[in-house]
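A.B. asks: As annotated in TrEMBL:
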{"type": "DOMAIN", "residues": "385-558", "note": "domain 'E3 ubiquitin-protein ligase MARCHF6-like C-terminal'"}
{"type": "TRANSMEM", "residues": "20-40", "note": "transmembrane segment"}
{"type": "TRANSMEM", "residues": "52-77", "note": "transmembrane segment"}
{"type": "TRANSMEM", "residues": "105-125", "note": "transmembrane segment"}
{"type": "TRANSMEM", "residues": "163-185", "note": "transmembrane segment"}
{"type": "TRANSMEM", "residues": "205-223", "note": "transmembrane segment"}
{"type": "TRANSMEM", "residues": "313-343", "note": "transmembrane segment"}
{"type": "TRANSMEM", "residues": "355-379", "note": "transmembrane segment"}
{"type": "TRANSMEM", "residues": "400-423", "note": "transmembrane segment"}
{"type": "TRANSMEM", "residues": "443-465", "note": "transmembrane segment"}
{"type": "TRANSMEM", "residues": "485-508", "note": "transmembrane segment"}
{"type": "TRANSMEM", "residues": "528-547", "note": "transmembrane segment"}
Amino acid sequence: ASCPGCRYLSSHFDGLITTILGYILLAGALIVCHAMASLVKFQRSRRLLGVCYIVVKVSLLVVMEIGLFPLICGWWLDICSLEMFDATLKDREQSFDSAPGTTMFLHWLVGMVYVFYFASFILLLREVLRPGVLWFLRNLNDPDFNPVQEMIHLPIYRHLRRFILSVVVFGSIVLLMLWLPIRIIKLLFPTFLPYNVMLYSDAPVSELSLELLLLQVVLPALLEQGHTRQWLKRLVHAWTFTAGYMLDLHSYLLGDHEEDDNQPNNNPPGRHNNNRIPGLGEGLHAAHQAILQQGGPVGFQPYHRPVNFPLKIILLIVFMCVTLLLASLICLTLPVCVGRWLMSFWMGTAMVHELYTAASGLYVCWLSIRAATVLLSWMPQGRTVIMLKVHEWTLMIIKTVVVALLLAGVIPLLLGLLFELVVVAPLRVPLDQTPLFYPWQDWALGVLHAKIIAAITLMGPQWWLKTVIEQVYANGIRNIDLHFIVRRLAAPVICVLLLSLCVPYTISKGITPLLGVQPEMQMLVERRIYPFLLMVVILLAILSFQIRQFKRLYEHIKNDKSVQHYISFSVNLYIEGKRAVCTLLLLVLRNVSQ
């Protein structure tokens, strides 16, 4: 009760904390009852109590692994990054008091993303390193790995020990790659931090739109690129190769498969190339499938143990920590510096949201690295081939820009404006006030709506829009067909959106005044015609769908002979039953009259 954090948690989440404590006490009571049933040899009761204890134990462990651990990581990330945003613990306390549920969810979400990308990096390391180097980490690709079975069989103290070790490891990595780089940046570049992130602002462009744009457009476009993953994999391999030869740990880190490849017929027993798994160069999904198809990865591969092995392992860990620190410094400074430099040409000395600078800097860095690698791959082919490639890529870039202006510019803007008129304005703006529209914010939200609509379309039934989108995805950027996209996708969608915007406006501004209605009624029509027409269109679509379904059912019944026989049998049975009931009633009436 004397701890302020405990008071806050108990005041905001008293029901949740009480429930968790209740389950913990229930697990303890089940253990005691199970021990007592074992002493008095009640076999059925002992089994039932054991099953109940396993259910409670697994539930608590799942809550601890999926709920508590990411939440701890999220809060630790926030605490270590306070100086980066010029925030204090008092600010976080006020944020928690104003919206405790939202604050806890956001921290859990950040921690979950951190754990996910850490696990993805470990999977990439397993593709590069010798099998057996990461023996202390669980292999998530192992088909024999069953987390629920581990939760059932392992005792509680081992789960607690593993949980505490995971918290220490993840927390130490956050200190190394976030807190320490921030301190170094503040020491070397005092004016670089803090980042300009206005979480609470009355600016027309809300930060929610920018964050959605960053999460839905910028990061997926960078992280889903196969080239980015291959670059990271090659970089890790180059670092491992360099560290291995510097410390004489090449055999320990990468194995002897390179020498074995040079002499394929002289492999000694037990020294096979277990690190070469088919499909590793085809992406993470193909690697997973290859591992599963082989019946599980090999857990160990022999290696040559050099002299002073423990000392070299310590030096390797120190070298790895220094590398991670430098990589974190570069990631925290280079994209933001490039983005601020680019934004200075447009905005001058005005303060720009760091989401703009970070996103633009990431894109510029990625494009620069991509262009450099492409030019290096073209140089051995000669000047003529380079000029031909430059011409092809220039034409492809022009087509891509035109398509991006239509699909990522015009359509999201119209979609966001339509959503504003149909949903946001009727709900937020009273009739006696004039709604204000911000095109940039409508466009940012329209991008999110367009992605959701595209995903729902691809998951739905087959129709013309799904066919066109699948064809565009299949063609890709290199085989982009500008005429097909404009004629079959952009033009129909833009026409539908323009009709949805213009027809209600024409009715409310052009036809309604001709009817001689009052100004109040005209204002009501202008503000409510968009949701009203949307409801009409939805009702007509539902009615049309039901009519088509009834027609199909009618045709199916008419063409199916077995259904016809069943219907005729049911009708005959109904008629015979009716006759029997009438005859019985006549007999009863006769008996009553007699």
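Using the three backbone atoms N, Cα and C, a Cβ is placed for every residue, glycine included.
Where the annotation comes from TrEMBL, it is an automatic prediction and has not been curated.
What's the neighbourhood like for each of these?
C.D. replies: Here the transmembrane segment (20-40) has long-range neighbours at 46, 49-50, 52-53, 56-57, 59-60, 63, meaning same-chain residues at least 6 beyond its ends whose C-beta is under 8 angstroms from one of its own.
The list of residues near the transmembrane segment (105-125) in space but at least 6 beyond its ends in sequence, with Cβ under 8 angstroms from a Cβ of it, reads 67, 69-75, 77-78, 134, 137, 140-141, 170, 173-174, 229, 232-233, 236, 284.
Long-range Cβ contacts of the transmembrane segment (528-547) within its own chain (Cβ-Cβ under 8 Å, at least 6 residues beyond either end) map to 418, 421-423, 426, 503-504, 507-508.
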A.B. asks: Name the range, of those listed as 52-77, 355-379, 485-508, that has the largest tally of Cβ pairs under 8 Å with the transmembrane segment (400-423).
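C.D. replies: Selected stretch: 485-508, with the most Cβ pairs under 8 Å.
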A.B. asks: Cβ under 8 Å to the transmembrane segment (52-77), counting only same-chain residues 6 or more beyond its ends: which ones?
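C.D. replies: The answer is 20, 23-24, 26-27, 30-31, 34, 104, 106-112, 114-115, 148, 151-152, 156, 159, 163, 166-167, 170-171, 174, 178.
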